[in-house]
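Contents: one structure, followed by commentary.
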Amino acid sequence: MITILLLLPSLLQSLWFRLLITTKVGITMEKEQKSKFRRPWDTFRKVPVIQDEQKPKAPIQFLKWFTCIIVTLLVFALALLSKTSFLLLITFGNKTATFVEHNVTALLGIGFVLVFPNVLLLIKSMWKILFKSTAMPTKNTVLWVLGIEFLVAFGAAVLTIVAMPHFDIVSNVMILNSVSILSAVFQVVAQCFYGDMKRFIIIPVCSIVLIILGYILFAISYVISEASSPQVKISVGLAFVGTIFVSLNWWENYSSLFRAQFLKDITRDIEKSRNVVSIYSSLIRILVTAAVLGAYVPLSGQDWKSSLFLFQTPTVGLLVASQIVSSAMCHWFVVVACKMHFLRRSFVMPMYLLSFAVLIVFLVPVQFMPLQSKPNSTYCENIQQNSNDKWVDMMIKDVVRTVCTRDIVVNMRKEGLVFMGISSLSWWMGLILSTIYVWYLKIQRIERTKDLFVRRMYEGAFLEHSMLLNTRFVIRKRIKEKRQQETIKVFLCATMWHETYDEMMSIIISMFRIDKYRPKANKNAHSDVEFEFHIYFDDAFKDNDNGRHANEYAETLVEVLTEVYTNFIVENPSIFKQTPPLLSQEIINTPYGGRLEYTLPKGNVLMVHFKDKQLIRHKKRWSQIMYLYYILGWRLNRKYFKMFEEGAELTSLKDVQKREAHNTYILALDGDTDFQPSAVMLLIDRLKLYPEVGAACGRIHPTGPGPMVWYQKFEYAVGHWLQKSAEHVLGCVLCSPGCFSLFRGSALIDDNVMKRYTTKATEASHHVQYDQGEDRWLCTLLLQQGWRVEYNAASDAYTNAPQEFKEFYNQRRRWGPSTMANTIDLLGSGGLTSERNSSISKPYILYQIISMAASILGPATICLMIAGSLMFIFKINANVALFLAVVPPAAYLILCLKLKSDTQITIAAVMSVIYAFLMAGTLISIIGDLVVQDTFMTPSGLILIGMVLLYLLTAALHPKEFSLVIYGLLYFLCIPSAYLLLAIYSIVNMNNVSWGTRETGGQAKTAAVGAIKKHILQAACCKCPCLGSYEVMKETPAAETITVTETTQAPLEIESSPGCSQNSYQSWIEHLQMKSNEFPLEESTLSMDEINFWCGLQKKYLEPLKENKAEQEKIANDLRVLRNRVTFVFFFCNALWLVTTFILQAIGDTVSIKIPKVYSNGTHSTTETFSLDPIALMFLLGFTLLLLIQFFAMLYHRIYTLIHFVAYADTETRAFKKKSQVASVLDSDHQHENDETDTALYTQNTSAQEGTGMFV
């Protein structure tokens, strides 16, 4: 005891010294940890290429303003042409008109103008009923619609045919503005229902007062101020009645605001049965207009026998044609202006100024018209028709004569002129006040036409009034209820496997761009869309001496994340600004492998799911099933199920769950996709705008160097320019590529979609359809369930394309058979699919059948083209050339059935080079033949010139991609390889269901990455691996050892149990923690609920496939049988086509079609002709028709792509500026605090360094 007491001071001193040393060392290590982000001598950076799209460039701004100016001018000019043409027809309907010999013809023209929009509506509605399902209206709805439409049609016909021809031009221009009378009344009534009597009701009340004042003054000017004829007085009364009847036309715009349940029921029923109701309304209007016109002519003392057909009176026919064409085009451009957010500049303002512009057009030329003045005569007395007058002068004189018939004008009665002027101004002001709500209308980025306008069609006689009054009225309540916009939740899910360092860098930068574009930290500034990022990494583990470790590809991903995070965390780097330390992230052991959870610089979450193929099924489709069930099953449905268990109301719970599923989007990505935030937002717009859209894809651009990629650049361009656009316009897109596609959650969880997507391939056809083209199969399931798939050409995404010939052939070997299998599956269920899916009509199915037939007959067509090339170059007989063209591909077909895949590709490469030389010679020969023949009107010349012009024009409509036409020559040279040899290789090797790409285990990184790895600190001591098995909350039997494998994998010994398998060692966590020493990874755990979810999902759908030799041999044999059957049918069709052509060529001139030779100067040869067999002509015409259909569909698609892009550029710029201002205010104080903290931290580090320098 004494000894212990004597040694106690020395022991305490030793312990104190050790504690002091430990404290100093800890401070030093902490100082070094903090100061390594503050090294002034090491502030130079290696920054990856990061291109942001926060502000539109100058060309986009120029495009926006240029488009705005063009649309504004077109709307104004077309509306002006429409109204002047219509008023001229009314003027010629007056008996005093002299320009038109028969006034009845002008009245007939007015009738055509009135009924033409109804004819268009009738055709449109019948087309929709023919190809889409529709509901039938109730009896009450039909009676109500027929009654209203009868009054409107009767009022319009009486006003324009009976009354207006008796008025002067000024009154006719302005009286049309009074058709807004009942709209103003409806607004007043609606405002009374909603309560704000002082602020908003005054505007429609003033409108009513002004319109009534116009009526009174107009009647005074015609009835009291001058001695008008009884017919004119009757016309005044009929005009008042007619305008009131016409103003009933827009009752539906206000029906939902009234409390009458009858009107609400009628409105809802009309919405459901719009197509049938439109047919009824169109027919009743046509019949009523015809009846009024037919009755008025004899009642007015005129004779139908004196009328002429419109084409017999060129002037009237031209006016009618100008009016109906300009009105239809003006209506369309108004819709375009609204969708582009040019509402005020291009729609409202031109419509308001139109009446005065028409008066200027009619009255200003009078001042410059030469007249023969007489002494002591008035201006009106000098207006006399002269035989030498031009037709323009004659029309203007007829217009002016309508004014000169007024007594108040002839005698210059001031009170009458004042009454006429005030009444005209009152009507115009009344129209403005009754439609002023349009000026303040707020619309979405791209609004649907039916959400913008109540009725589908315009009114021919009331163009500007119908479009203004037809715009949906939004009631302004006294208490403004701020309806929160439903937030869209977007999950970006990328699948990875053996991507390289550069490929990983592309997609990680793209995700960080999204994080910067929509920060989660400032929800007040960005609340419309929320993002969350997921990466599912296949086969991420490998065996090591001390357990399972993350392989080199997983390590590369962690290094890429660290590098990108470091560059994005500092927005404006400076040597005087401290780089903040990287926050610690989470690393978790999971039942399927492992997970990294990162909180990105702007607050969004990124999860990296490392899959261990010993624990869970690998490959892309199963990774997709993982994130579909995790997001839509575990994250979405489980949340509402728990709320239901806690006692929430079932009905409201179902509605909320349905809405959230509808607003949950999943962006499927490949591990090498590069994209900008605008590309994602443009796809989001399509799903937000159209609730029936289940998926949307963008324009995919292949990237990479080399001729193989150059070929694919043009191939992708042509496919998107023509084929994808045509599918979108004619029906819907059949395949949304898995590298960049946005899916709607409610579409994926629909019946027979996500559940069926989990089907394991058990038959030979399943392996081809399910696993070789999983993205196309998923779209097929969506289409068969009734969902629409769309294509947005403005949404650009970039992905690496195969750069080697072998990799390209292997990729297309997967794509070709799977495309054919899914298309045949869709066409086979075409009848049922067309009933469920309104976007897939019977004509569209016929279009796809023709396209499929053309693709099947592609090899035979290429053989015929090669035969033609041989004829051109070597001047040999047609049948000999055809025989020589068929022999090489037939030999290649036989070799493919005998040789290995790599040998087949090598032979195909050699043959491709030979065919390229032949195609080059063919091109030169065709050009030379055109010169020799002295004409381009030859079959080959027309085909060549037509294709070149079509592709050049198509490329010109895609100015950003016009440079891709350079690769068109390479595409032409590779046609035999792509459409002949590749088709043979794909069909013959369809029994090979391996992936074919990224299967080599080469280096995953560039030399730069290797250099980085050399500087990573290694652990100084060994640590014992921890046992990381989770406790399952139930008793499980003893584990048993089984052998599992997939068809293309070697057998692996794993430990499994009926409960759940997982990595039994934590060494991979420590390994990644050491690899990521600059980015701290803190170990965490999953909740027990989530563990049970992953175990249940793994057990039911994602267990690694067990090796079964007998089953594998059976599937391999079935695949060979399927290959043989498909090969026989495929090449039998091609052989039949070739044999038919051979026989027709052997018969010769007997069945050939003779085409006379046409020289360049337009003359015809009497002796020389060109021969073309009937089948070749039929195929040529069919191919030409198919291309023309695709071309015009592309034109239509380009117009709406431009509309969407301009709308996005305008709205997103303003929204971003506004949100940036809000974010800067919210972040200013926080940033100031961070700066003070950084300064204090730097001072503390400096002081610590000075005080503890002896311990370093």
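For all residues, glycine too, the Cβ spot is worked out from N, Cα and C.
Quick look at what TrEMBL lists:
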{"type": "TRANSMEM", "residues": "143-163", "note": "transmembrane segment"}
{"type": "TRANSMEM", "residues": "169-189", "note": "transmembrane segment"}
{"type": "TRANSMEM", "residues": "201-224", "note": "transmembrane segment"}
{"type": "TRANSMEM", "residues": "275-296", "note": "transmembrane segment"}
{"type": "TRANSMEM", "residues": "347-368", "note": "transmembrane segment"}
{"type": "TRANSMEM", "residues": "417-440", "note": "transmembrane segment"}
{"type": "TRANSMEM", "residues": "844-874", "note": "transmembrane segment"}
{"type": "TRANSMEM", "residues": "906-927", "note": "transmembrane segment"}
{"type": "TRANSMEM", "residues": "939-957", "note": "transmembrane segment"}
{"type": "TRANSMEM", "residues": "964-988", "note": "transmembrane segment"}
{"type": "TRANSMEM", "residues": "1128-1147", "note": "transmembrane segment"}
{"type": "TRANSMEM", "residues": "1175-1196", "note": "transmembrane segment"}
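Panel annotation: around the transmembrane segment (417-440), residues 170-171, 173-175, 177-178, 180-181, 183-184, 187, 203-204, 206-208, 210-211, 213-218, 220-221, 225, 343-344, 347-348, 352, 355-356, 408-409, 465, 468-469, 471, 473-474, 476 of the same chain, lying at least six beyond its termini, place a Cβ under 8 Å from a Cβ of the stretch.
Spatially, the transmembrane segment (347-368) is adjacent to the transmembrane segment (169-189); three or more Cβ-Cβ distances between them are under 8 Å for residues at least 6 apart in sequence. Contact between the transmembrane segment (939-957) and the transmembrane segment (1175-1196) is supported: at least 3 Cβ pairs lie under 8 Å, counting only residues 6 or more apart in sequence. Beyond the transmembrane segment (906-927), the same-chain residues lying 6 or more positions past its ends with a Cβ under 8 Å from any Cβ of the stretch are 805, 809, 866, 868-870, 872-873, 888, 892, 895, 899, 940-941, 944, 972-977, 980-982, 985.
Within its own chain, the transmembrane segment (844-874) is flanked in space by residues 726, 730-731, 734, 820, 823-824, 826-827, 830, 834, 881-882, 884-886, 889, 915, 918-919, 921-922, 925-926, 929, 940, 975-976, 979-980, 983-984, 1130-1131, 1133-1135, 1137-1138, 1141, 1176, 1179, 1182-1183, 1186, 1189, which lie at least six positions past its ends and keep a Cβ under 8 Å from the stretch. Highest Cβ pair count under 8 Å relative to the transmembrane segment (201-224), across stretches 169-189, 964-988, 1128-1147, 1175-1196: 169-189. Residues 721-723, 725-726, 728-730, 847, 850-851, 854, 861, 864, 939, 943, 946, 950, 953-954, 957, 1137, 1140-1141, 1144, 1153 of the same chain lie 6 or more positions beyond the ends of the transmembrane segment (1175-1196) yet place their CB under 8 Å from a CB of it. Listed by sequence, the residues of this chain that lie at least six past the ends of the transmembrane segment (169-189) yet keep a Cβ under 8 A from its Cβ atoms are 83, 87, 90-91, 201, 203-205, 207-208, 211-212, 214-215, 218, 239, 243-244, 246-251, 253-254, 257-258, 355, 358-359, 362-363, 399-400, 402-403, 420, 423-425, 427-428, 430-431, 433-435, 437, 461-462, 465, 468-469, 473.
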